[in-house]
Each structure stands twice: as C-alpha cells, then as structure tokens.
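Please read the structure below before turning to the comments.
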Amino acid sequence: MNESSYVYVCAAFSAIGGLLFGYDIGVISGILTMSHFREKFPSGPAKEGSIVSSLLAGCFFGALVSGYFADKIGRKFSILGASMVFIVGSVLQATATTFIQLYFGRVVAGVSIGILSMIVPLYQSEISPKEIRGRLISFQQWSITIGFAISFWINYATEKFDSSAQWRIPLWIQNVPALILAFGMPFLPFSPRWLVHSDRDEEAITVLAKLRAGGDRTAVAVQKEYTEIKDNVRFEREFAAKNYSELVKRGPENIRRRVLLGIFIQIFQQLNGINAIMFYAPQIYNNAGIDLSTGINGFVNILATIPAILWVDRWGRRPTLISGSIIMGASMLVIGSILAINGTKYFDSSLGKNFIKLDNKASSLAVIIFIYIFVAGFAYSWGPTRWIYPAEIYPLRIRGKAMSITTAFNWLFNFVLGQIVPILLNSITWGIIMAISVHIFYPETKGNSLEEMDSIFSNIHPNNISISRQHYPPSPLNSESINIGQQRENFRDLESGIPEEEEEEIYLST
C-alpha cells in the first residue's frame, strides 16, 4: 500500500495532545519542591497530593464525557475544543494567588487532558492504514515522554530564579503546545469513519484520498476502504444498539469482553510499577549524587519508545506486551532486592515524607541502571500499546463510548495508585501476571482493519462458517467487504434466529 506522508503529519500533529499531559505532570512534580512555590502555597504531603490528584480528578471526568463529544461533534473538533480548555486551565494555574484558583485550574486542565487522552488515539486509529496503525498511535506515547523530558529541563533552568517566575514560567510555557494544537487542528482532516457515520460520504472519500493516495479519489485502495467502512456502518445501523448499556452485553460480537480487555490493559499499565519507580527515582538519584539522572531518565524514555514506533506493527501487540512485562518484572525484582538489602527508611521532617536511603553509592548506581532498564522496558511496550490496543478493538458505533470508559479507568487507577504507590514497590510479581494475562486473554490485532476486528473477537469467524445466500456477485473492488457482510449476516442469525421457511443452508467447515 502506498501511504501518503500526509497521514504521518496528521497523526504526529494530533499527538501534541499527549505532550500536554507529559509536560504538565513533569512540571507540577518539579515546582512542588521549589522554594518560591512553597512560600506562596505552604503545604504538607496532604495538600501536595491534592494538587496532583485534582488534575487526575479532572482527567477522569474528561475521559468519561469525551465519548459523547467524540460522537457528537467529531474527533477533530473535540481535540480543538479540549486544547482551548487546556489553555484556560493553564492560565488559571500560572496566575494563581490562592489554593482555590490553583485547584480549579488543575481540574480544568485535567478535563482537557482526559478528553485528549481518549480522542487523540481514537483519531489516530481512524485515519491510519492498518499496516502502520500501531506506529502512528505510538506517537501519542512518544509525545508524552517528550513533554515529560522538556518539563524537567525547564524546571531545572527556572529553579535558579529568585522570584515567583521560578514556578510561573514553567506553567506559562505549557500554553505554547496547546496554542499550536488549537491553531493547527482546523487544518487537519476529519476522521473518515466519523464522516461516513455522519452521512458525509463525499467528504469521507476526499479525506481517504488525501490520506491514502495523494488525493486520488479513484484509487482502488481508497474505494476499497470506503466500501468496507460503509458496509460496516450500514450493518450497525440496521442491527446494533448504540447506547452505553451495550458495553456490558456479551452478544455475538463479544463487546463486554472487548471492554474488559481495554479496561485491564489500562489497569495493568498502572500496576506494572512505573509509578513506584517514578516515585522513588528522584530520591535515589540524589542519594547517588547524580543531579541530572532524572533528565537522563527522560531521554531513556524518549529513545526507548522509538522501537515501538518503528516495529510494533511488525512484532505485534502480544509479543510487545509480553516481552515488556518480563523485562519490567525482572528489573523490579532486582531493584526491590537491592532496596530491601541495602536500603534504610528515614523520615524527612521538612517535607513530611518517608524516603529510602541506600547505604552505599554502588547500590545506588545499580538501582539507577535497573531503573533505566525498567523505564526502557515500559517505554517500548506498555507505554504505547496501552493506547494502541483499546483504539483498535471496538466497533465504530460504540468506539467513542467504550474508549471513554477504558481511558477513565486509566485515570482512576492513576489516582488510586498515587495514594498507595509506596506499598507497590514491594509488589514484584505484576510483570509475570501481566505477561500470562496477555498470553491467555489478548488476541493479536496487528495487520487487521478496524472493521475486521469483529472477526477476531466474535463468536463466529468467517473462516469457520460459510453461508449460501442469494447475494449479488462480488466485484474485485469490494470482495473483502462481501466477506465482512457475510459475517454481519451470521451475527444477525445468531441474534434473531433463522426462520425455518427461509431457503438457506449453513455449512460449518472443519
């Protein structure tokens, strides 16, 4: 397939939404320890936790409502609107003079991030050709890591200022990518699948032509994909429900199973220890006497995400997740063992927190090395794939709603683990549990179009059932959509039963 470079531009530009989240989390974790911020907002662990968790609360709410906006006004305008909301939240934070204003700004920014964290991967999946869909969705995670790394160096530079500019400048700077996203999104195309679903077929063909064939509306690849999408939309309108209750129903398409797989991939990526590592890493770096290790950690995160961008569509989702789980589990085992043997807990009265101090520099350096290995294992596997997999597996009619629930669970567990992350540092078995769960429950999705996912998750597979019906003869252009159409008929038969008087036969192949 001869993809247009235009699709890369669209996927990469929309990924700026991920950069906002990475930058915001990195900035706030840095300014909480800045002297002028603590002078303006004196706080202990409880208030510091509330400053962070107020963003996560907004993210949770934003993710829940994002499904409605994704379907109502489309993926493109939802991203545009969310970027504008983020600017409002960012200005409120940067100009904050009271805790109330700071909290409110955090919540507003969080709503924006929650919406973007769902809709950006959704948009990327719907504009991508199936051969490189994983690569393009990986831009989301890559931009998160870039935002996190940039935030460290900006904090590092402004920390030397002897005024409130020390923390206000980093908060003002996060408006820059938000403004770029807001001004640039009007020039990006709508999702072709949303256009077909909205009965804007001519626009959909035009968009597909730009994304797939350099603007050639008559290209075979364009017509084939349009026919496949159109066939899918027709079936869903005739046969399927569209409300949230469908997410908990099993049915022939196994929607409930898909939703649970999406939820648990988000839960597992929170339980894999990345939060525990990030929680203790800065203190361990300080104990080792290496001030810039956090910045180096950011570069490791960025570089280790590149293999996913290049090869996740070749490796597949399952091998990527399983190998990453094993690397992270082994690294966590080593880190936990070193901390248990050579670490000493102590209480920092100035910060009101418990920390772990390693008894010698060799232990600290060993832990730092395995932190980098752990981060690299996460960066190429669970980091990007947690966005890729849920964006692929849902039918179009409920894709926005299902992804909003899936992403909301990510933010919910992010919030919960923020409260109990010290305990999880001792939980070294999650890597193995995750690897086994992926092996047993998660089917491979690489190389399949979004419309072909029913073949993977449904109770009926087109290779196992053939139906003799009176159909129009398939043309070379839409032979793939005819196979999908036969499967849709199978779903209909399972749901409603086949009348005995109807003259048709079903043959089960062996």
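Each residue, glycine too, has its Cβ placed from N, Cα and C.
The feature domain 'Major facilitator superfamily (MFS) profile' is assigned by TrEMBL to 10-463.
The transmembrane segment annotation in TrEMBL covers 7-31 (among others).
Annotation comment: TrEMBL describes 51-70 (among others) as transmembrane segment. Counting same-chain residues at least six beyond the ends of the transmembrane segment (51-70), those with a Cβ under 8 angstroms from any Cβ of the stretch are 24-25, 28-29, 32, 41, 43, 77-78, 81-82, 89, 102-103, 106-119, 122, 194, 400-405, 407-408, 410-412, 414-415, 418.
Residues or ranges marked as transmembrane segment by TrEMBL: 77-96 (among others). Beyond the ends of the transmembrane segment (77-96), by six or more residues, the same chain brings 14, 17, 20, 58, 62, 66, 69-70, 102, 104-113, 115-116, 119-120, 123, 168, 171-172, 174-175, 178-179, 181-182, 185-186 to within a C-beta distance below 8 angstroms of the stretch.
Residues or ranges marked as transmembrane segment in TrEMBL: 102-124 (among others). Long-range Cβ contacts of the transmembrane segment (102-124) within its own chain (Cβ-Cβ under 8 Å, at least 6 residues beyond either end) map to 11, 14-15, 17-18, 20-21, 24, 28, 41, 50-51, 54-67, 69-70, 75-76, 78-79, 81-83, 85-86, 88-94, 96, 133, 136-137, 139-140, 191, 387-388, 390-391, 399-400, 403-404, 406-408, 410-411.
Residues or ranges marked as transmembrane segment by TrEMBL: 136-157 (among others).
Here TrEMBL flags 169-190 (among others) as transmembrane segment. Here the transmembrane segment (169-190) has Cβ contacts under 8 Å with residues 10, 13-14, 16-17, 19-20, 23-24, 27, 30-31, 74-77, 79-80, 83-84, 86-87, 90-91, 93-94, 127, 147, 151, 154-155, 158, 161, 200, 203, 207, 210-211 of the same chain, all six or more residues outside its ends.
Annotation comment: TrEMBL describes 259-280 (among others) as transmembrane segment.
Among the features that TrEMBL reports, transmembrane segment is placed at 292-312 (among others).
According to TrEMBL, the transmembrane segment annotation covers 321-342 (among others).
Look at TrEMBL and you will find 362-382 (among others) tagged as transmembrane segment.
The average pLDDT the prediction assigns to the domain 'Major facilitator superfamily (MFS) profile' (10-463) is 86. For the transmembrane segment (136-157), the residues of the chain that approach it from at least six positions outside its boundaries are 7-8, 11-12, 14-27, 30-31, 34, 120-121, 124-125, 127-128, 169-170, 173, 177, 292, 294-295, 298-299, 301-302, 305-306, 308-309, 312, 379, 383-384, 386-388, 391, judged by C-beta separation under 8 angstroms. When each of the listed stretches 7-31, 292-312, 362-382 is scored by C-beta pairs under 8 angstroms to the transmembrane segment (321-342), 362-382 comes out highest.
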